[in-house]
Structures are given as structure tokens and as C-alpha cells.
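Engineer: First the structure, which I've put down as C-alpha cells, then a few questions once you've had a look.
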């Protein structure tokens, strides 16, 4: 009778009471019963907090100094997605392959279990933060997963139309593209300020489009691929440990990053290429290239914003239809006698230096990256052989561009919004130690 009287009364807390008694004689909360409650019965000041408690996101089981021990949700261990079409392949990389499931879904299959957990955790942290700040416009520009699947070692994502390199740039509208890249700027800012993360791999391959960037079918641009994300030094945790349900360690992640692994070389910030160049020279900087370092929030914003800016420069080259041949053919060899070749890293400065020179002439403004086409750098006296080689390669790169396309640059680039956008994206970067002096961050 006692239990029946209690069951007729509404519970005093949003959790169900179990019939077990504690050591003091009082009733305890049954965790199994609590997990079965629907969302509406939970009382919380923030929807994000209730979502976290409902075990839909990863949970922090314990902490130790700056290390967080994480436990994956039970839902991740259940394979409920459809079988992918293995006969078709949408993409491939060092992680594995991407294959379609349907017209709206695709699956990213990982070769490594460690890499799978890394991207799943980073994506889940981003989505949890996005639920906490639903009004921030940048959150909607980050592509979240649909479902991770531990048994299949794969992550289900929404299927987009294409990436930026696959767009038909002859039909793209500059005003639409500028508006979409402004949204991507908000995404990078959201990731840095609210998520405490640095993407570290912003490039045309990792920016997906849902439309054609035309007035009739503008679509949206979203940033994807969180497999290279790093937590910056402003976040609460610097190390993450994935544990099993029994508490055993499975994978440990340290978010210090060496300069050579920050972004693809073609979109790597100039300040990072500067460190790679110094490291390839040897002497006191010989160990910089492979040495992992923590990334400060300011430097993290410089990395992602600058990479987004160089992605935009690549898109403008495609829009103007400038290059006759592949720009990468002007790069030198990566190594010589087992050591990194200095001109190899300087070669990745060539496309951006030439393009900023063109834009500076068209828009009558100064876009200074700290290195010009003559090979003169403001931060360091360049070796004469490197300066002459860089000057020669810049000349060849200009000769590789179509003359008729260069003649029409002024008419095709008549977009004030785009001019302001390029300046904002590149204002933090400089070919020196740490970026532009007024936005410098400590990373090395």
C-alpha cells in the first residue's frame, strides 16, 4: 500500500524514484529508469543541458587536471543505418572512403578506429555547442553528422552536391559567393570562440555546396571534415581520453600540432609557411617542422581565417579562368638528400603572392603578405639563390595565365562586398613569425 500511494503522487523531481533504499533508508534515483523518461519530463534551464543528460552526446566520466575522460553514447554502438552502395565512390583520402547511402545521405568509412573516434568526438562537441548557442549564425555553416556507427567504424553525413573545386565557375555570381564566404567566416569564428577549436584544414575540398552559387539556385556553403580539428589553448581541456563502458582507456588524443600538419600546403597560412621555410634551412630552426606545439586562440583564428582567404583566392582564379596549367607544377622537390627543400615551401607562396598583386592592381588597394614577386621578404633577408628562384617561378606563374582573362579582371571583379571580404580574410596573415603584428598569436 505504501508503494501504491507513492505512485499516485507526481514525482518531486524530474527523475523517477526507484524502489531501492540507500544506506540511510531514503529512496535513491534509478539511472536506468531515468534514461527512459522522455524529454518533456526533464526540467532544465538550458535545452543543451537536458540534451547532454539524455545521453545523446559524449559524456565526461571524469577529469584529471587538463585531461577529460570521455564515454561514447550507447546509441553509437547500434548500427541502424542503411547499407551503403559500395559500387559508387564519392571521395577518398588518408582516412578511408566516402560512399553514398541514398540521395540525401552518405557514409564516411574509416580505416582506423582511432581516426573514427577523433572525428566523431570533435563533431559531437561542435554539435553540442551549436545546440547551446542556437542563435549564432555560424553554427548552421558547420556540417554535423547524422549518426556515428562504432560497429561499422563509419559516420553518416548529409549528402551535399559538390565541393568548391567541382562547381561550374562560369555560372557563379560573385555577390552570392561573397555572401556565402561571409557565412563561412562566422562559422570559423563560432568554432574558435564557442567550441574552443581550430579546424586546421580549411580548403576547397572541405567546403561543400548545396547549390550553384547563382541567383536562381544560390544554395549554401558549409564547412565539413573535422578530422584535423585541434583544441586551442583557451579551451578547458588539452587532452582527451576515450574510455569504454567499463572505464578502460581506448584512445588518447593530444592537441598539440606540428607546423607541417597545419592545413594543406597550398592553403597553409603564410606565417606557418615561414616557420616551415626556416625549419628547412636547418641550424637553430631545424626541429620546428616536426615539433608539436599548442595553438593559442588568436593564432587559431589566424590559421582558419587565412586558410579561408586563400581558399577564396583559389576560387577567384577559377572564376576568372586564369591558369592554363596546374599551378602545382611550378613547385620544387619536397626533399633533397632526405632533408626538406626550402624552395618547396616557398613555392606555395607563389599563387597567393601573384593573385594578391593582381587584386591590388584591380581594386587599387594594398594586399601585403610580407613577400613580393621579387622574392624580398620583410621579416628575414632571403638567401640570394632562393630570392632569384622565387622571382623566376613567379614570372613563370604569371606567364601561365591567360592574357584575355587578365584583361577582363576589372570588369568581372566589380564587387565591393568581395573587395572588403578579401581584405578581412587576409589581414591577419603575414610572412613572418606569428602573423600580422597587430593580430599576432603565440604558437611556436
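Glycine too: its Cβ is placed from the backbone N, Cα and C atoms.
So Swiss-Prot says this about it:
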type: REGION; residues: 1-25; note: region 'Disordered'
type: BINDING; residues: 90, 91, 92, 93, 94, 95, 96, 97, 98, 108; note: ATP binding site
type: ACT_SITE; residues: 201; note: active site, proton acceptor
Engineer: Please report the distance from the Cα of the residue listed as 'active site, proton acceptor' to the Cα of residue 98 (ATP binding site), rounded to the nearest angstrom.
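Structural biologist: Spelling it out, the Cα of the residue listed as 'active site, proton acceptor' and the Cα of residue 98 (ATP binding site) are 18 Å apart.
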Engineer: Far apart in sequence but close in space: which same-chain residues, 6 or more away, have a Cβ under 8 Å from residue 92 (ATP binding site)?
Structural biologist: 98
Engineer: If H, G and I count as helix, E and B as strand, and all else as coil, what does DSSP give for residue 92 (ATP binding site)?
Structural biologist: strand
Engineer: According to DSSP, which kind of secondary structure is residue 98 (ATP binding site) found in, if we only use helix, strand and coil?
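Structural biologist: The residue in question, residue 98 (ATP binding site), is strand (DSSP, three-state).
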Engineer: Enter the number of other CB atoms within 10 angstroms of the CB of residue 98 (ATP binding site).
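Structural biologist: There are 20 such Cβ atoms around residue 98 (ATP binding site).
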